[in-house]
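These come from Swiss-Prot:
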- 125-137: compositional bias 'Low complexity' (COMPBIAS)
- 138-154: compositional bias 'Acidic residues' (COMPBIAS)
- 155-179: compositional bias 'Basic and acidic residues' (COMPBIAS)
- 221-258: compositional bias 'Low complexity' (COMPBIAS)
- 317-332: compositional bias 'Basic and acidic residues' (COMPBIAS)
- 333-350: compositional bias 'Low complexity' (COMPBIAS)
- Asn31: N-linked glycosylation site (CARBOHYD)
- Asn240: N-linked glycosylation site (CARBOHYD)
- Asn298: N-linked glycosylation site (CARBOHYD)
- Asn328: N-linked glycosylation site (CARBOHYD)
- Asn342: N-linked glycosylation site (CARBOHYD)
- Asn351: N-linked glycosylation site (CARBOHYD)
- 124-179: region 'Disordered' (REGION)
- 209-264: region 'Disordered' (REGION)
- 305-350: region 'Disordered' (REGION)
- 1-18: signal peptide (SIGNAL)
- 35-55: transmembrane segment (TRANSMEM)
- 185-205: transmembrane segment (TRANSMEM)
- 355-375: transmembrane segment (TRANSMEM)
- 388-408: transmembrane segment (TRANSMEM)
- 422-442: transmembrane segment (TRANSMEM)
- 451-471: transmembrane segment (TRANSMEM)
- 486-506: transmembrane segment (TRANSMEM)
Amino acid sequence: MSIFAYSILAGLAPLLSSSIPFFTLRNRNINASVFHILLCISAGLLFAVASLELIPESMNLALRSFEESTKTQTSLKSTTTKTTTTTTTIGNIKLQKSFISNSEDSLNEFHSLDNEINKPPIEGLNLNNLNQATNLDNNEEDNDNLDNDGENEIENDHDHDHQEDEGGDNDHDHESEEKKEFLKIPMYGIGFGFAILIIVESIFSSIDGGGGGGGHHSHSHGSLSSSSSNDVISDYISNNNSNNINNNDDDNNNNNNNNDDDDDSVELLERNVVNKDNSNNINNINNNNDDEDIIVINKSIENTPNIASPVMNKDNNNNDKDKNRNSNKSDIKNSGSINNGNNSGNNNNNNKSKLTITTFIALSIHSFVDGVVISSAFSSSPHVGARVALAIVIHKIPDGLVLSSLILSQKKFNSGIFSNPFFYFLLISCMTPLGSFISSFLFGGLSLSSGAFVLGFGAGTFIYITSTAILPEILSNQIVKKSTSLFSIFLGYLLFIFLDSQFHGAH
């Protein structure tokens with residue numbers, strides 16, 4: 001029951017850490033830069049969880065698995081290799097020899113020698129004479145071999161040491177190669193986590209109809225609309241140029257009849273004409289009626305009093321053309337930027353929705369893995385399981401902050417059951433007890449090597465989200481400066497280091 005108690009506690013930790021900031025900040029008019037900074041902090045937290053918790057823990061499990069495998073092989077060798085010593089006496093002669101129990105040739109030699117020794121004595125053979133003859137032969141052989149004993153012992157010791165050195169080097173090389181194979185297990189998990197999320201994101205991209213390509217199309221359509229509007233205005237300006245040139249001749253003929261009062265009235269009329277032109281241009285560009293644009297502007301010019309004609313000279317006409325050209329270009333730029341802004345806003349919403357779904361899947365996998373780890377730790381010992389479970393409870397608080405930051409950055413909260421963010425918070429919380437239940441009752445606990453793979457898998461999902469989803473969104477957004485974004489990411493990384501040090505310092 002303690003396994004499920006700790007699993008439920010580990011599930012409640014992200015539920016509380018995500019619900020409190022979400023329900024506190026969702027109805028407040030907070031600047032968009034605040035949500036952007038929260039997103040940056042969540043990126044730092046995710047990368048810290050992957051690099052400082054999951055990957056080191058998976059490496060530790062892989063090394064422990066290697067040590068257990070080495071101990072098992074050593075114990076098997078020690079149990080299968082036993083030495084047997086036999087002593088047989090024939091009169092005053094003692095025969096002693098050691099045999100290795102796992103060698104069939106040595107056992108056969110032992111049995112044959114034992115049979116020879118235990119044969120009945122030959123009739124008429126005097127054992128005393130045999131003993132004396134044997135002793136004389138042995139003394140002569142001992143005297144002959146005294147000089148060679150030292151040399152043989154030195155050579156044997158040298159050969160034995162050389163064989164031990166070669167055997168030790170071979171064992172060391174084999175051990176290092178085996179350790180490398182065990183350390184590859186977390187790396188396999190990281191790669192598998194990347195592959196799974198790539199498949200998930202490609203599925204959601206195909207469902208959304210290729211959201212990534214929409215951004216490019218929005219820019220191209222915006223440029224096409226701007227170019228067509230530019231053609232309309234350029235035609236209008238060229239027509240006005242021809243009309244103004246014709247009017248310049250009449251204006252030059254009537255320059256001598258001008259006075260100061262007429263100049264003041266001309267300036268007022270000139271402003272009215274420009275204002276009418278600008279208002280008509282904006283309305284007609286938004287409605288995409290190119291022909292009506294020219295007609296309305298020409299009518300506004302024709303309906304002006306005749307007092308403008310005798311006093312408008314060449315300089316005034318040039319000023320009017322410059323003002324009209326600048327106002328028309330600014331109108332087109334504004335309309336193009338509005339269209340592009342709407343399209344980019346739609347693309348950002350699509351990216352944020354895919355980002356949140358991908359993050360939700362990764363956090364769900366991570367919560368499931370936490371339940372599996374708690375179950376595996378308790379299967380080794382209750383003390384180790386309790387410490388691992390408490391560590392997971394503390395480390396899951398940043399997970400809730402990550403999810404709440406991502407959802408708050410969207411600024412869209414629906415009241416439906418399946419569209420409410422609290423529903424997804426609850427699902428993530430339930431994944432930890434579910435992982436403990438499946439690991440304990442269905443699989444009977446995971447081995448150390450399997451745990452290393454699972455932790456590596458969770459680390460791979462977090463690194464994928466941080467590097468391919470959150471960081472591009474942060475760097476492409478211009479709400480705050482890039483230096484502020486990078487500092488916020490670093491702040492999130494330091495926040496996890498602080499929480500981790502406080503927890504380990506307490507223990």
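Cβ coordinates come from backbone N, Cα and C, glycine included.
Ranked by number of Cβ pairs under 8 Å to the transmembrane segment (486-506), the listed stretches 35-55, 185-205, 355-375, 388-408, 422-442 are led by 35-55.
Below 8 A, the CB atoms of the transmembrane segment (451-471) and the transmembrane segment (35-55) form 3+ pairs separated by six or more positions in the chain. Here the listed stretches are 35-55, 185-205, 355-375, 388-408, and the one with the most C-beta pairs under 8 angstroms to the transmembrane segment (422-442) is 355-375. Within the same chain, no residue at least 6 positions away in sequence has its Cβ under 8 Å from that of Asn31 (N-linked glycosylation site).
Counting same-chain residues at least six beyond the ends of the transmembrane segment (185-205), those with a Cβ under 8 angstroms from any Cβ of the stretch are 55, 58-59, 61-62, 65, 211-212, 354, 357-358, 361-362, 365, 449, 452-461, 463-465, 469.
Under DSSP, Asn31 (N-linked glycosylation site) is assigned to coil, being neither helix nor strand in the three-state scheme. Through the fold, the transmembrane segment (35-55) approaches residues 186, 190, 395, 398-399, 401-402, 405-406, 408-409, 411, 455-456, 458-459, 462-463, 465-466, 470-471, 473-474, 477, 479-480, 484-486, 488-497, 500 of its own chain, all at least 6 residues removed from its boundaries and within a Cβ separation under 8 Å.
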